[in-house]
């Protein structure tokens, strides 16, 4: 019996070891490029999963597509470039503060010494980089492939409407998408390119794609909330500051950590460098820093306040209007080429995130009822707890929502259905019984109608003030162009 016990115990331990190693093997390796909140590249956010869409029910045919997309990967803004330029001297001062302490100097990462910002000397910031152009170009190609029937017509600006904000990175993203969408369909050059129109509104009056700029009440809310958001981040930044100070023997401050995390995101996303600033942080520290970014996104742009997304009502109204026009064209059997088949919009995270919230995406259980009652939701839980709200998923670079309108003539109760794709993947809508394929009638009643009780001017006008739209300048007018 004693011998049997000795045999059983090693076998039991081997089984445990096998189960442990198997569970570890099933977990994908940690990739920091997937944990950069809204600085995440589209390919990292999707992890290679593009356009894995299940076919629509038999007999259902797409008749119209709405797209709301964020611009592609871009350079840091001018303000952030100045922050990175200042980081050069700050790192130098940290190293000089450790001179004479050999044990501390041995811990200092070699790249610290003499580091220069890759964006030093750039006069302008925020421009679309080549990788960002590619994100939208290939999104255009995949969109045409996925909905070939919708994009079979010859190009006309009345059939395929393309809109972008006046910000160059958004309009450039629209051009890149259009080049992919209409590639090989024209007569220009050996690649058979074709010209197409991109329409932009004045920044001062673009309540459809830059509503966040036109809503004074939101501007006031954001300005008042930013200090509270910074305060919320402080415990995480303080803990990581202490850890890195002990790890590298340098007198880091909270501001150093904030700038180094920003540098990490830019290096990983734009330059494919993960062994410098990103190498300072452990995976658990990255998860916490990512959470601070996601919480900021939640409070200032997402479900943290109903005004964040209610001000996007003009965009929702435009989407619904285009669907109703498509249904009318189908019912009246209009001639092909005489009605719109796609309305394509290119804007910013500040556009995509509120629109995503208007659709009720990334909600769980009772959250749906709270948003309809305009109650703020609880903050996303801090790691290691899992959460559904992640900036890398909700609004990465080139992040997008597609609303596809289908005609299903065999369905007797409702011939028209809506499918929502988020980043090219079908996504369930809590307002549609957690289905990604929803009857147009239910979509209107459960998702759209509750929001349409509000009016943009009423929502956004500060008490006692009349809404005022600034006149369009000559510079604004020149940006309206035929491309």
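In case you wondered, yes, glycine gets a Cβ from its N, Cα and C as well.
Those TrEMBL annotations? Automatic predictions, nothing curated.
As annotated by TrEMBL, disulfide bond applies to 60-408, 264-278, 432-438. The signal peptide feature in TrEMBL is assigned to 1-25.
All protein chains considered, the CB of residue 60 (disulfide bond) has 20 other CB atoms within 10 Å. When the alpha carbons of residue 60 (disulfide bond) and residue 438 (disulfide bond) are compared, the span between them is 12 angstrom. Taking the Cα atom of each, residue 264 (disulfide bond) and residue 408 (disulfide bond) are about 48 angstrom apart. Across the fold, the C-alpha of residue 278 (disulfide bond) and the C-alpha of residue 438 (disulfide bond) stand 42 Å from each other. The CA atom of residue 432 (disulfide bond) is located 17 Å away from the CA atom of residue 408 (disulfide bond). In this structure, the C-alpha atom of residue 408 (disulfide bond) lies 12 angstrom from that of residue 438 (disulfide bond).
When the disulfide-bonded residues 264, 278, 408 are scored by other C-beta atoms within 10 Å, 264 scores highest.
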